[in-house]
Amino acid sequence: TSSYKIVFEAEKMYEMCLCETKFSSIFFQVVIWRAVASIAWSVLLLPVTTAVFVLLSRFSLFHPIQWISDCTSLLTASSTIFSLVVLLFMSLFVFPLVVPSIPCSRMALLGTVLHPRQCVHSLVYCTMGMLVMWCASVTIGGRYSTLGTPCRQSESGEVVTCLNEYHLFLLLAGAFMGYSHSFLGVVQNMYYVSFQPIQQYKYPRFKGCLPMVVKCSVIQALYSARNFAALYFFFGYVPKTWISSTLNLQIDSSLQPLDSLTGLLDFSLLYHLSISGAFLYLTWYLTVLLFRIYVTEAYSFPVQSTFTEDAEQCLPKVLAEKNTLVMKFLALQDLALLSQHSLSRRLEVFNLSQPGGHPHNWNAISGECLCLLSELTQRLVAHQDAVASNGRVKSQSASSDTRSASSSSSEDIAETPRLSVPVLTAPFTPDVDSPFSSPAIRRLVGQQDPHSPWSGTVQSPHIMRRGPKLWMSSSVAGEKGSSRFSVIPLHGLETPVNSCSCHTLNCSAQVKSFLAKRVLIMYLFNKLPEASSQALFADSQAHIWALQGLSHLVAASFSEDQFGVVQTTLPNILSCLVVLLEAVDRHFKLPHASSKPVRTLCSMGDSTYKTLRFALRAALKTAIYKITTTFGEHLK
């Protein structure tokens, strides 16, 4: 028996490894090759952008012939070729995200910026920025070419090497722009890859986005040049002194220092700094743009395979993928497209398996879509319960009915994994006599808080009774009117608590109230407007595609489903959609949930995730309307 068990486990592990190998092969075919193609195109565009930078850096209005000849000789020089080789490595650092990272408070944003992974990312981009600026300074030549330059002769007749502050200025500017790019990548979600609602070919999309990329590069370079000039004006002497003492380079006192107002008001310096920064940002932005175009291109997965070895590469299996979100999003996008535009592939979804005659394709696809929608419903209900329990009276029947309906709509879907979300709070039964009940609840039921400063007779609105101070003992607090806790009502049960634990709870509550009154603490820990709502719907593009795919497949089954496989799950689909619509409508009644986001002037960060909740609500209503108008009276 033990030998049979070992053989069975070995066969099971072999099948799991074989499935992972097959999935990794399709992942390599789809995502890795697209990433390689985008990097290859960005590398091919480097000579073009470098030639434009050389022409602008050596621009001479009064000597055009000499300008063109100098640029031609410079483009074929060994230093330019070496600079191109250095620039090739910049195109390899792209970090795609299909679900944006949305911090809900300023403290969470600060923690994201100071995360060790983000610090390493910023260090890498600072290094790359310095390398690009070094290549740019060598290309410009003249006073920017080297870090050390001969300045004067010493008393012994030897030539003294002095620090070239212009070269140092460009290098530090490159590090600053690299950190700015890394920082804005977190704040503006620059590496978030959004899928376009209308598919375009790669070349028209690139040609349409190219003017915006150039504009954003120039604007960001001007902002970075201004900010770095101001930073160098105040703190430029620190790196200058440290580098001169470390490398044993003298500071030429005959030249005007750049950390002064007259040194920074140099038109040639600011011009070369701006075009170098624009070249740096343009190289990065083109890499990001090409990666977005290639990765989000639609891919057609097979609905069913003839051979069992290719089953892991079919659409139902890829839809159930949890680890690689890019593949899951591509599969959902393909589902939405086939449900609208491909009759032959829809018939494959409605077909029965042979032998056996089971609708495995439809059960797997509809089950995964309903699982996604049920998870979103549970997430919205949990958020509404959390908001309602925060000092607000919540509706008992609405929340319980929503939870029961969402659970009943998804319990009939077979062989589909679910995320178990526990019920967060019990049905709301306010206990006004409890010391933990909210003052807002006491006001609603008509009872006044005895510990309120306005309780009792107050002769003047300017006279208030002070409560117990911070760190006050319970005995002193009791003398001044505060009661000592003895019983904590919890779900209808009375649990006796000793005086020590009550004192600890009292002190912790006073500490929280004391910190909540501090302006800096409130500024850091307060929720950002719309952030919670945006975070709830951050991955709603997948739910939109699931809604579109389900609704179009159900509507098409009215005339194309020969075996009636859709009719078995139609009640579950309709109930799931209606319950989700109720949860979405309740969410839009919360503060800041229905406000439109502010548009930025020019940014490479994709802000489409900020409006996903509005797109989801529209797609949900459209899906319900499409199903009900198609079936009509037959729904009864």
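Glycine residues also receive a Cβ, built from the backbone N, Cα and C atoms like all the rest.
The annotation transmembrane segment is assigned in TrEMBL to 31-61 (among others).
Here TrEMBL flags 81-102 (among others) as transmembrane segment.
Under the heading transmembrane segment, TrEMBL lists 123-146 (among others).
Residues of the same chain lying 6 or more positions beyond the ends of the transmembrane segment (166-191) and with a Cβ under 8 Å from any Cβ of it are 94-97, 100-102, 109, 112-113, 118, 121-122, 124-134, 136-137, 143-147, 220-221, 224-225, 227-228, 231-232, 236, 239-240, 243, 258, 269, 272-273, 276-277, 280-281, 284, 288, 600, 603-607, 609. Residues or ranges marked as transmembrane segment in TrEMBL: 166-191 (among others).
Long-range contacts of the transmembrane segment (212-235) within its own chain (CB-CB distance under 8 A, at least 6 residues past either end) are made by residues 169, 172-173, 176-177, 180, 184, 258-261, 264, 270, 273-278, 280-282, 285-286, 289, 601-604. Taken from TrEMBL, the feature transmembrane segment applies to 212-235 (among others).
Within its own chain, the transmembrane segment (269-291) has Cβ neighbours under 8 Å at 35, 38-39, 41-42, 45-46, 49-50, 53, 56-57, 87, 90-91, 94, 96, 129, 132-133, 136-137, 140, 144, 166, 169-170, 173-174, 177-178, 181, 190-191, 193, 206, 209, 213-214, 216-218, 220-222, 224-225, 228-229, 258, 604, counting only residues six or more beyond its boundaries. Under the heading transmembrane segment, TrEMBL lists 269-291 (among others).
For 391-416, the entry in TrEMBL reads region 'Disordered'.
Under the heading compositional bias 'Low complexity', TrEMBL lists 395-410.
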